Amino acid sequence: MVERLLESSASWSNFFIFFGLAVLLLFAVLGFVTYGILAERKVMGFMQGRVGPNQVGGRFGLLQTVADVLKLLLKEDSIPKAADKPLFILAPIIAFAPAFMVLAVIPFTSQFQFADIGVGLLYYIAISGITTIGVLTGGWASNNKYSLLGGMRAAAQMISYEIPLVMSVIGIVLLTGSLNLNEIVASQEKVWYIFAQPIGFIIFLIAAVAELNRTPFDLPEAESELVSGYHTEYSGFRWAFFMLAEYVYLFGMASLMTVLFLGGWNPVLFLDFIPGAVWFALKFSAVVFLFIWFRVTFPRMRGDQLMEFGWKVLLPIALANIFLTALIKELFF
C-alpha cells in the first residue's frame, strides 16, 4: 500500500493517508514506550527479588505507567530565570523529533514500511545523530553546571560510540552490497548475520547501549554524580520529551538490530507458517530484554574507562572486522 502511494502523484488525499499512518505509528510507539517502561520495571524487580509495580491497575500494575504519564502532564512547567529560554524550550523537541523520524525507514514486515529508500541504513545513522544537538543544547541552555556537564558527556559519548557503531555494520554492507534495509533482510533468508558477523554484532550491541545512554554507559544522566544530568532543570512534559526520546530510540535500535543481525521477519527453519510480524516481534522483544538485562547486571563505568574502551578497544576491533570480512568475501565468494 505504501509503495503504491509513493509511486502515485502528489495529492491532498495521499497527504492525509500518510499523515494518518504517521499518527498510527506514533500511537503504536507511544504504546510501546508506556508498557515498555512497565515491562522494564517488572523485569528489574524480578531480577532484584522485588515485585515491581503492583498497585495501580491490578496486581500487575498495568496502569502504573499511564498514571505516571498523567502525573507528568499535570506537573508545573518551570523555566529557570537564568536559562536561555528559546533554546531551553527548543532542546527537547530537537532531541525527540529525530527519534521518531528514524522509524520511517525500518521495515517491520515485507509489507509494512513507511519509506523504502535505497540508503535506509545511512538515513538512520545520519538522522539519529541530530539528537546529540538537542541534548547538548538542553544542557547549555539550562545554565546549570550539572546540566552542562551531562550535555558535554552525552556529546562526547555519542560521537565516540557512533564511529564503532557505523564500522560494525560495514561488514554487513560488504556482504549485502546495499544500504537498503529490505535487501539486507532478504540476504539473511538462509543465514542470519549474527552468525556471519559475530564480531560485528558484539560491537554493534555494545555501541548501541552507549548510544542509548543506558547502563553501564549512562554517564550523561549519572544520578550519583550529576543530579539528573542534562535534564536536571527540566520538569513536566519537557522532561517527558527527553525520556520519550530515550525509549523511542530503544524501540528503533532494537528494531534496527533485528533487521541487521536477526533476519528481520525471516522465520526459523521449518516454522515458516508463523507470520513474519510475529517473528519480528519475538526477535525485537529478545533484544529489548537483553538491554534491560544489561541495565540490571552491570555497574556504571568511569568516564575515562568509557572513552578508552570506545577508542582503544571497539574501534580497532571494528576496523579489523571490516578487513577480515573483505578478505573472506574476496577469497571465498
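Even glycines carry a Cβ here, placed using N, Cα and C.
If you look up Swiss-Prot, you'll see 15-35 (among others) marked as transmembrane segment.
Sequence annotations record features per position, and here Swiss-Prot assigns transmembrane segment to 88-108 (among others).
Positions annotated as transmembrane segment by Swiss-Prot, on the basis of sequence analysis: 117-137 (among others).
The feature transmembrane segment is assigned by Swiss-Prot to 159-179 (among others). Panel annotation: around the transmembrane segment (159-179), residues 118-122, 125, 129, 132, 187, 193, 196-197, 199-201, 203-204, 206-208, 210-211, 217, 260-261, 306-307, 310-311, 314-315, 317-319, 321-322, 325-326, 329 of the same chain, lying at least six beyond its termini, place a Cβ under 8 Å from a Cβ of the stretch.
Residues annotated as transmembrane segment in Swiss-Prot, with sequence analysis given as evidence: 191-211 (among others).
Same-chain residues lying 6+ beyond the ends of the transmembrane segment (241-261) with a Cβ under 8 Å from its Cβ atoms: 29-30, 32-33, 36-37, 92-93, 95-96, 99-100, 102-103, 106-108, 121, 124, 128, 131, 134-135, 138, 169, 172, 181, 184-185, 192-194, 197, 200-201, 204-205, 208, 211-214, 230-231, 234, 280, 283-284, 287-288, 291. The transmembrane segment annotation in Swiss-Prot covers 241-261 (among others) and is backed by sequence analysis.
Marked as transmembrane segment by Swiss-Prot on the basis of sequence analysis: 273-293 (among others).
As annotated by Swiss-Prot, transmembrane segment applies to 313-333 (among others).
Tertiary neighbourhood of the transmembrane segment (191-211): same-chain residues 128, 157-158, 160-162, 164-165, 167-169, 171-172, 175, 184, 217, 249, 253, 257, 260-263, 266, 290-291, 294, 306, 310, 314, 317-318, 320-321, 324-325, selected by CB-CB distance under 8 Å and a gap of 6+ residues from either end.
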